[in-house]
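These features come from TrEMBL:
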- 1-18: compositional bias 'Low complexity' (COMPBIAS)
- 1-21: region 'Disordered' (REGION)
- 56-127: domain 'ATP synthase F1 complex delta/epsilon subunit N-terminal' (DOMAIN)
- 142-182: domain 'F1F0-ATP synthase subunit delta C-terminal' (DOMAIN)
Amino acid sequence: MPTTSSSTSSSRSQSSRQPLMNSLRIARAAIRARPVAMRMANQRRGYAEAIPDKIKLSLSLPHQTIFKSQNVVQVNLPAESGEMGVLANHVPSIEQLKPGVVEVVEESGSTKSFFLSGGFATVQPDSALSINAPEAYPLEDFSAEAIRNQISEAQKIASGSGSEQDIAEAKIELEVLETLQAHVK
C-alpha cells in the first residue's frame, strides 16, 4: 500500500508540474520570437502613408453631377459660419452653405466659379469633399444687367405689392440676387 500512495502522490506532482512546464515552453518561445517582432514593428514604423495633396471633390445637384471625385487643389465655400477654404487634409466637418460662390482651384491652376443657392458640404478624413446643393450655375452664365432687372422686380414685390408669402419669397430672392450681384462683374 505504501507504494500505491507514493505512486499516486508522484503522479499528482507530475500532473501539477505539467501546466507549469507548458507555460515555461510558451514563455521561452515568446522570448525567442520577441526580437523578430520588434524588428518588424520598427520596419512598419519606417513606412508612413503618403499624405494626399489634393482634394477629391464631388459637387452634386439633384439633376446633375458637376464634379465626381475629381482631384482639385482647393475649394472656397460660402459656409453659414463664414467663408471657408478647404485644402487636402482639412479637418473633417459638415457645413451648411449659404447662397454664394464656390470657387474650385483645379490641378492645372485654373479656377472655376459656381453660384450655389445653398446646400451642404461634407469634408471627410480622407481629403474627400462632397457638396450637395439644390442649384448651381457657372458664374459666367450670369449677366449684370439681367441681375439688376430681377432685383428691381423683386424689390417691387417685397415692398408690399403682393401676398404675405409673395413678399417673403421676394425678400429671399433679393438676398440671393444681391449676393450674386456682388460676384458678377
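Cβ atoms here come from the backbone N, Cα and C positions, even for glycine.
All TrEMBL annotations are machine predictions without curation.
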Q. Mean pLDDT for the domain 'F1F0-ATP synthase subunit delta C-terminal' (142-182), as a whole number?
A. 88
Q.
Could you give me three numbers for the domain 'F1F0-ATP synthase subunit delta C-terminal' (142-182), the DSSP helix, strand and coil residue counts?
A. 34 helix, 0 strand, 7 coil
